[in-house]
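J.: Once you've had a glance at the structure underneath, I'll fire off some questions.
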Amino acid sequence: MKVLGITTQQEFYVGSKDRNFRINEFLVVEDKQGDLIAEVVEAQTFNRYIPLNVYGDFVDASVIESMKALGYDVDEETIYIAKLRLLEEALYPVETGSDVRIPKFSEIKNLMLRTKKEEGLVLGVIRNTDSLYDECEDEFKDLLYTFEERGLVKQREIPFIMDLKSMHQYPHIGVFGGSGSGKSFGLRVLLEELMQKEIPTIVLDPHYEMDFSDCPDYFKDEKRDFNGSFKCLQVGVHVGVKFEDLTAGDLKNLLDASSPLSDAMNNVVDVLFKNKDSYLSFSNRLQALTEAQEEGSVQRIQQRIENAKNNDEKEAWEVRKDLFIQYDKTCPYNSVKGILWRLRRLYNEGIFSKDSRDIENYLKEGFLVIIQGSTRILQVYSTYILNNIYHKRREYKDAQYKKAAADYFPPFIVVTDEAHNFAPKGYESPSKSILKEISQEGRKYGVFLALATQRPTLLDETITAQLNTKLIFRTVRASDIDTIKEETDITSEEAKRLPYLRTGDVFISSAVVGRTIFARIRAAYTISPHTQNPFDELKQKKNEGDEKFMRIISDKLPILGTDLLNTIIEIERDEKITFTQDELIQKLENLYKNNLIGRENTPFGYMYTKL
Ligand SMILES: Nc1ncnc2c1ncn2[C@@H]1O[C@H](COP(=O)(O)OP(=O)(O)OP(=O)(O)O)[C@@H](O)[C@H]1O
């Protein structure tokens, strides 16, 4: 392999007669300046049956000239050509004609493996490093499997181990990729690694897919048990908000996340919400004020007091009168109604029926805590819970700094898929303010983000800019590719490859490494609960239905199509299931179509029989 053509301090071409090049592989140039490490960014093959000028824009004339000068027979031989980029800029342009060789593992170890497996997250393998695998130290071998078209494959490339400790310096991870690109799978692998390291993590899971109980078929023999490391908690069922603990600020956030608040509504909460209010005391106060406002004046309320049928009613109207006098001027009727409507909506969603103690306790134990609920509920709840736990961690760290006493709260990672729903670009949302705060200041307190989205273009740009490590899966949409190009250090050659990446292959652009690594995510040890193909599911359900019906009618066969009434009565008596005649015929026809029963033509119509 030799350097060809006109070279620069960063880029040059290399040719070979017998070795094909692979994108992203590392090579060493034995230059006069010393050995220089470079990465293949483009690879091409020429052979004499293909006219060279087809590739005119790839290899310029100087390359072809120097190939000839170096003894390559351009017209007769197959020639492999690669464009290489140096990992570190050289002092002088690389010498044309220099020899190029495959590196030894020791030469590039520091570029690829910056951390021990015990201290990092083993996310996958660095692609095209199989030639180095044999030389690699044992501690980096046999750590994982990848899942390829032909099934599970043992590791035979260098592992990609994400340095966890470097998050302190380069916090926050972004995971981008279109539908079906392997983004959720990648997130799952990341979470499995965090569980193994017992890093407290809170996951917002709007798809109910982050469950780690099931093992995929390909790992039945090497099952890893994550039970005891994660907890799924549904908002309104297992966790919620203890109303009595809310401050006016918390409550405004919650109500605003439920449906945006006007300035007047914010004011209503400030004026009417009292410290230690319960849901009932607060909502009763709002209700009483609106009822008073519906009367419209103190005189009319006074009339109500005088006409009251009993003492209770009288007292209730007296309370309303006091509220009216105190608050009518500052709290417009429509705004009070608006707050009441939002409050009841949250109540009906069950948010106030539980508290958030479990989340805090599990995080303190180093669990992965998965908060499940619809996107809307999670938008509301995450605002509350993230504010709450982030500030607990902050208070602890600040107190430590001031040498004051404070309850311990551990560092933690916040993970969410569909992050653009929680931190949208272009408009404010309550969950966005807390995510923005964490993205900008979380590092100081040991609170980190891992945000995944199909649409990086729709994610708040201040937050995107803070994501120091980005995992970029297949992306087809041009606007998203543009955003990725702006926000990462991927090269234009890599950007061009984005729409064609295989599912599970990923560019990892990391501020720690200072360049982009091409990797494949390892096979996950667990499987999402939604992985069954919907068409298999339909078939399975149908089979189950057919089997059940077969059991019901098998001892009633033969059945005459014109005399179904007796069969229906019998089924009703034995099974407590009622069919109409049409339903029964339909079901029998189905069984006949699927060759489970026979059908004979008789003078009295069809007769369904055993096979
Ligand atoms: N690294 C991988 N190795 C093997 N198979 C993978 C890998 N990543 C993903 N897959 C397979 O590809 C399919 C799609 O992946 P995944 O669900 O992660 O896509 P996605 O990008 O999250 O899409 P969406 O955003 O629509 O959820 C999955 O069924 C998964 O089994």
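Using N, Cα and C of the backbone, Cβ positions are placed for all residues, glycine too.
Take a look at what TrEMBL says about it:
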DOMAIN    155-482  domain 'FtsK'
BINDING   G177, G178, S179, G180, S181, G182, K183, S184  ATP binding site
J.: Looking only at G177, G178, G180, G182, which of these binding-site residues has the biggest number of Cβ atoms within 10 Å around its Cβ?
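T.: Its Cβ has the most other Cβ atoms within 10 Å: G177.
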J.: In sequence order, which same-chain residues at least six apart have a C-beta under 8 angstroms from K183 (ATP binding site)?
T.: V175, F176, G177, D417, A452, Q454, L471, F473
J.: Need the DSSP three-state call for S184 (ATP binding site) to compare against my parser.
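T.: Note: S184 (ATP binding site) is helical by DSSP.
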J.: For ATP, what surrounds G177, G178, S179, G180, S181, G182, K183, S184 with a Cβ no more than 8 Å from their Cβ centroid?
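T.: My list of surrounding residues reads F185, Q454, F473, R474, T503.
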J.: Which ones in the same chain are close to S181 (ATP binding site), with CB under 8 Å and 6+ residues apart in sequence?
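T.: Long-range Cβ contacts: F473, R474, T475, L501, T503.
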J.: Across the whole of the domain 'FtsK' (155-482), what does the mean pLDDT come to? Round it, please.
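T.: Here the mean pLDDT over the domain 'FtsK' (155-482) amounts to 92.
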